[in-house]
């Protein structure tokens, strides 16, 4: 993709507030984080190829941000395009970077490993090279609980062994190792690696949410698509686990809580020289697949027909986080419960049954909600 093409969302205002580059800022977690950054007073520049995300997400962020949308701009650029990225860094002095850009479908990573190493590892290397060349040495990196593989015990702390099971998880671990090596070579760097568990939910307005291209790779969008009639049933992979109801247990976290975690991480970066450190972002609670389905049925009033399938190879029985380190050092804690996650997911789904491609999307484009 040609780099450096600027899509004007709103004219960025000059000011003394800190300026943050958000790669992948049109994506699911990225767009929610951009909105929270604007609300917190940051100037935000989004760099996104728009290959697996929608420009409409950024336009809706601008609408939701109101007056603060003047502090938002979007560059349509692929982070693997070094020349395009150089132009972005030459146009603005960044105080820090929040790096979301990448591919995230576990199944696809098994089928197309080179594609994942190219986007998630080579792309990160190019970003780090350009950051270093421009003297920007503060980074919040979007990692994943996938770096842990299938831990034998939960809650999972940051000290657990890093044994990812698939190419996606390995790309995240390699990018983490690169960040650690950079810090050891140059202590001016401050890097926070955020390992997310299972992000779900949507902005309470119902105008920002997850818009997966093709087949979703996690539970909640599948539940959502069944509820709005796009799929006939939900397949549960395994109901014979040693859990309370036989289905797998995961740590689901509201995307707004996750976005707030990024703001807290950025503040930590600006406060002190942190080195290179990893933090889990989760609720610290495990919820089963059936509990999610029941909560979604309750808030939506829709029945979710279930099909029981075999276990998927490599799926952990129980995986939930200890987020004690982030709570202690960031003063951050997830606030939303499962019912609120499902409520906001359903609000988004019912307003946007086909994601950002919904027929009335254009009407919602330029208005505050």
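From the backbone N, Cα and C atoms, a Cβ is placed for every residue, glycine too.
Features reported for this protein in Swiss-Prot:
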type	residues	note
ACT_SITE	168	active site, proton acceptor
BINDING	19-50	NAD(+) binding site
BINDING	144	substrate binding site
So if I draw a 10 Å sphere around the Cβ of residue 31 (NAD(+) binding site), how many other Cβ atoms end up inside it? 30
Rounded to a whole number, how many Å is the Cα of residue 19 (NAD(+) binding site) away from the Cα of residue 144 (substrate binding site)? 25
Mapped DSSP class for residue 31 (NAD(+) binding site), helix or strand or coil: helix
Which binding-site residues from the set 23, 27, 35, 43, 47 come within 10 angstroms of residue 168 (active site, proton acceptor), judged by C-alpha positions? none
Rounded to a whole angstrom, what is the C-alpha distance between residue 43 (NAD(+) binding site) and the residue listed as 'substrate binding site'? 26
Which of 19, 23, 144, all binding-site residues, has a Cβ with the fewest other Cβ atoms inside 10 Å: 19
10 Å Cβ neighbour count around residue 43 (NAD(+) binding site)? 23
Which chain-mates of residue 27 (NAD(+) binding site) that are at least 6 residues away have a CB under 8 A from its CB, listed by sequence? 48, 52, 53, 57, 100, 101
Same chain only, sequence gap of 6 or more: which residues have a CB within under 8 Å of the CB of residue 39 (NAD(+) binding site)? 65, 68
Long-range neighbours only, meaning 6 or more apart in sequence with Cβ under 8 Å: which ones does residue 47 (NAD(+) binding site) have? 21, 22, 23, 24, 25, 75, 77, 79, 85, 88, 101
Do any residues at least six apart in sequence from residue 35 (NAD(+) binding site), in the same chain, have a Cβ closer than 8 Å to its Cβ, and if so which, in order? 61, 64, 65, 203, 208, 259
